[in-house]
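J.: Have a look at the structure that comes next, please.
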Amino acid sequence: MILKSHAFRSDLMLQRLVIACLLVACLLLLAAKAVLLSRININWDEFYFLSELMKFHRHELSSPLQTQYVHLFGWLVHIKGDEVAQILAARVAMVCLLALTCVSLWYLACRWASRSTSLIAPLAYLSTLPVMLHGASFRSDSMLVLLGCAATGVISRGVKPARLVITAVLLGLAGTITIKAAFLIPVLAGIILFEGAEAPGQRTPWWRRVKALFLLGLISASVFLVLLAAHSQSLGVDIALAHTTVNNAVTTTLLEAEPLPGSRYLTRLWFENRFYWLLLLAGAVAAVIRRNSSALACALSLLPIVLYRNAFPYYFVVMLATASALIPLAVDALTRTTVSKFGRFGYLLPLLLAIPLLLQARGTYLQLQQDTLARQRQLISAVHQIFPQTVSYIDHSGMIASFSKANFFMTRWGMGDYRARGEPFMPMALARYHPPLLLANRPLLDPDKSAFQQLLPADRALIQQHYLRYWGPIFVAGGRLRVTDRDEHLLRLPFGGRYRLTTNQDVMVNGEKRQTGDILEVADDATRLAISPLDAGSQGRALELQLMWAAAGPPPSQAPPTKAPYVLF
């Protein structure tokens with residue numbers, strides 16, 4: 001009896017050692033992720049997320065769908081500094097959510113594996129390239145993954161009324177943050193429908209499982225609609241606007257998606273995280289061998305790879321979380337086999353399996369050490385130096401959230417709609433917003449790039465005519481004239497306002513003598529200026545003249561960044 005008690009204590013100590021070591025490893029990876037926050041390039045979705053928040057703060061937000069988060073992150077408007085500082089503050093909050101996601105993932109994995117081996121699930125998840133790169137990004141996915149893991153963990157414990165209500169509330173809340181919450185439904189439905197399949201004697205009757213699934217949909221839809229209605233009322237907009245957004249999203253991201261849209265990233269993710277994928281496959285096999293259908297339902301979180309057009313690497317953060325709960329099933333089975341053959345030291349097997357995961361995480365960490373955020377800091381700082389006061393502007397994705405954006409969100413989705421409509425955006429932007437700033441933070445808006453040809457001819461013409469390169473990708477509103485004759489020429493400005501004149505010789509502007517440095521007050525209804533050389537003695541010398549928005553301050557003394565502001569996925 002004494003020997004058995006001693007053996008039991010030894011086994012318990014080894015299992016506690018495994019738990020402690022795996023927990024420390026998870027904390028180390030979370031700390032590494034926190035270190036990378038200020039070095040990883042800010043994706044345009046993060047800038048867009050912040051710009052929607054600032055629009056809400058300025059009472060300009062008009063879209064009720066997928067913008068509920070503005071109520072949770074209102075504190076960001078009080079963060080001192082520019083857009084980079086605000087997004088970094090938001091990323092810190094997202095790291096905290098990532099830690100809670102790991103706790104939820106561990107809780108979920110404990111449903112089918114031991115407490116010690118279940119910690120391999122969050123460790124494996126944190127070690128992957130998508131999580132190291134995008135796991136704490138300021139976007140809806142960072143909130144969706146927590147709500148999804150929590151909902152799955154709750155319902156996996158059994159379809160009881162209280163658990164069903166909690167799961168439905170979490171699902172409804174996730175839907176208000178992003179309609180991608182719909183991809184949680186197959187996992188939750190699978191767990192409910194397959195509940196007890198591995199123990200037929202305890203299996204819930206099929207009609208009760210169908211009833212539970214119906215109640216899940218009813219309650220979650222009710223929560224979603226109530227929260228959406230309240231949010232719409234706070235914005236002062238019609239909730240019916242959400243219907244159009246949902247239709248467009250479904251059509252663009254699902255119905256028009258190419259076959260296996262997420263597969264184009266799988267090759268790199270396989271080579272970067274081979275050991276993770278092998279463990280995941282082993283976990284799925286273990287679930288099949290054990291006939292654990294409810295656990296196998298977690299693999300349905302990978303379904304967007306097949307269906308979802310925007311299954312980019314950042315969305316793998318959501319897909320891999322629930323799927324990672326399968327890994328401990330394989331580790332648990334291997335550990336039991338090792339213990340039966342080699343004794344209690346077999347309990348240390350999870351630590352041996354953790355080593356390759358930590359090594360792959362180290363490799364990813366070293367890749368991400370390069371500071372790709374510095375170029376964005378420099379560019380945004382330059383914008384605020386040139387335009388210290390708030391102005392409207394044109395850009396790709398809302399990079400300057402404190403300013404009012406005058407054009408649409410120019411992602412692949414946005415550009416697809418734009419070209420399908422065939423309506424230029426520049427005429428309305430100039431007439432309605434008078435944007436003195438054009439920020440060519442993607443090649444689409446840079447006249448010197450081939451991608452500029454993707455714009456409609458009318459938009460290309462207006463950008464080339466009315467915006468002058470000022471500093472790197474920063475363009476300022478104005479006009480340019482270069483002539484060699486002495487005749488009068490017309491120069492059209494984009495909109496009324498104050499413009500600074502720069503010229504190589506004195507000129508006549510609308511019959512008045514002007515020289516370099518003069519500020520011209522241009523009325524909205526008089527943007528066509530008649531210009532001619534003043535000095536007849538300058539015959540043979542070309543007139544070179546430009547008028548530029550007078551409020552634009554001096555550009556930075558340092559050279560602009562040579563690399564593009566955004567790093568692709």
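Cβ atoms are placed via backbone N, Cα and C, with glycine included.
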J.: According to TrEMBL, which of these ranges is transmembrane segment: 347-368, 457-478?
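T.: So the range that TrEMBL calls transmembrane segment is 347-368.
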J.: Any residues 6+ beyond the ends of the transmembrane segment (166-192) with a Cβ under 8 Å from its own?
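T.: For the transmembrane segment (166-192), the sequence-distant neighbours (Cβ-Cβ under 8 Å, at least 6 residues beyond its ends) are 65-66, 68-69, 140-141, 143-144, 147-148, 150-152, 154-156, 159, 209, 212-213, 215-216, 218-224, 227-228, 231, 245-246, 249, 293-294, 296-298, 300-301, 303-304, 308, 315, 318-319, 322.
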J.: Are there residues at least six beyond either end of the transmembrane segment (84-107) with Cβ under 8 Å to its Cβ atoms? List them, or say none.
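T.: Contacts with the transmembrane segment (84-107): 26, 30, 33-34, 37-38, 42, 46-47, 49-50, 73, 76-77, 118-119, 121-122, 125-126, 131, 135-138, 142-143, 145-146, 149-150, 153, 321-322, 324-325, 373, 376-377, 380, 401.
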J.: In terms of Cβ proximity under 8 Å, which residues at least six beyond the ends of the transmembrane segment (347-368) contact it?
T.: 11, 14-15, 17-18, 21-22, 25, 28-29, 32, 36, 39-40, 116-117, 119-120, 123-124, 126-129, 132-133, 272-276, 279, 331, 334-335, 338-339
J.: What else in the chain is close to the transmembrane segment (119-136), if you only count residues 6 or more beyond its ends and a Cβ gap under 8 Å?
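T.: Those are 18-19, 22-23, 25-26, 29-30, 32-34, 36-37, 40, 43, 91-92, 94-95, 97-98, 101-103, 105-106, 108-109, 142, 268-269, 272-273, 276, 279-280, 313-314, 316-317, 320-321, 324-325, 327-328, 331, 350, 353-354, 357-358, 360-361, 364-365, 368, in sequence order.
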